[in-house]
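J.: From TrEMBL, here are the annotated features:
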- A:Cys124, A:Cys127, A:Ser128, A:Cys129: Fe(3+) binding site (BINDING)
- A:24-214: domain 'Nitrile hydratase alpha/Thiocyanate hydrolase gamma' (DOMAIN)
Amino acid sequence: MAKHHGDGHHDGHNAFDVSSKVSEFEILELAVRELAIEKGIFSAEDHRRFAEWAEGVGPHGGSKLVAKAWSDPAFKQRLLENGTEACKEVGIDWLQPTGVGTPSDYTFFYVLENTPQVHNVIVCTLCSCYPRPVLGMSPDWYRTPSYRRRMVRRPREVLAEFGLHLPADVEVRVHDSNQKSRFMVMPMRPEGTEGWSEEQLARIVTRDTMIGVALPRADRTSDAGSLAEQAR
Amino acid sequence: MARPKFQVGDTVRIKDRTTLFHTRTQKFIRKRVGTIVEHRPEWVIPEDEAWDRMETGRKEPFYVIRFKQTELWPDYTGLAHDTLETEASESWLEAVKG
């Protein structure tokens, strides 16, 4: 074995091998999907359209909701009182999110308002429940056991890993979405945004600020923005 | 629609029931004491929904329960006023006199 020592680190590190392997879950998904199509529960076309919708939805709907709520106190009230209904005002229908009749597991939507006293953050310890009609697909880290286990148990440490250090007089409130409810955080409107239009405001309401692992800033329009700034 | 047994502000303990099959009541909240902060609509409980018993499954009111983090984790490293909220159906809850 000693003569192979030099390239030992290549063992089990072949990217092409990894991508050509089909996992048990992929086989399971394919089998269930084919059965559902054969039984007429949905068509292959429905499935393709759902996948296209799910992959394309993104966090823009959520950004729009927050920007509108910051600009319009009456809308903010409606959004906090009945999130599912208020979403229709920006064109998001939770009961028919795709508009093609694909059944949805999203049932109730609630917006969590941050205040100077309370900072909200969302997690799903059981799986990866996420408000997809407003935020799109969840980021990979949101679905990892590391985030799910630790966010409920050591939220301040996890937030610090995201660069978010909250003052001691702020209550950190973790929301574990384990049932039918889906949550989104409404961050506080930052300083330096006075007089901004809804479109301008929406640009700083990034995905991470609506999960609760970051705060919006007037000079930050992307979750990757702070990294780029550091690299400069 | 069954009338919810608990009201906002009530103190409750999560039961540590046996679960042979599916449940959505996390282990880390069992036997812990929290406060009801919101009602949620009545729904088929996950223990029956898992078997697709949407018509015949047991329906129960759901509640949002707020826990002090220090109640959930004796070695909690954050601050005493930090909290966690999650939901449970009525049969998982028992009243705590307080």
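Cβ atoms here come from the backbone N, Cα and C positions, even for glycine.
All TrEMBL annotations are machine predictions without curation.
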J.: Reduced to three states, what secondary structure does DSSP give A:Cys127 (Fe(3+) binding site)?
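T.: The three-state answer is coil.
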J.: Report the mean pLDDT of the predicted model across the domain 'Nitrile hydratase alpha/Thiocyanate hydrolase gamma' (A:24-214), rounded to a whole number.
T.: 92
J.: Which of these binding-site residues has the least crowded Cβ, counting other Cβ atoms within 10 Å: A:Cys124, A:Cys127, A:Ser128, A:Cys129?
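T.: Output over binding-site residues A:Cys124, A:Cys127, A:Ser128, A:Cys129: least Cβ neighbours within 10 Å is A:Cys127.
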J.: Taking 8 Å from the centroid of the Cβ atoms of A:Cys124, A:Cys127, A:Ser128, A:Cys129 as the cut-off, which other residues in that chain fall inside it around the Fe(3+) site?
T.: A:Thr125, A:Leu126, A:Tyr130, A:Ser138, A:Arg143, A:Arg148, A:Ser177
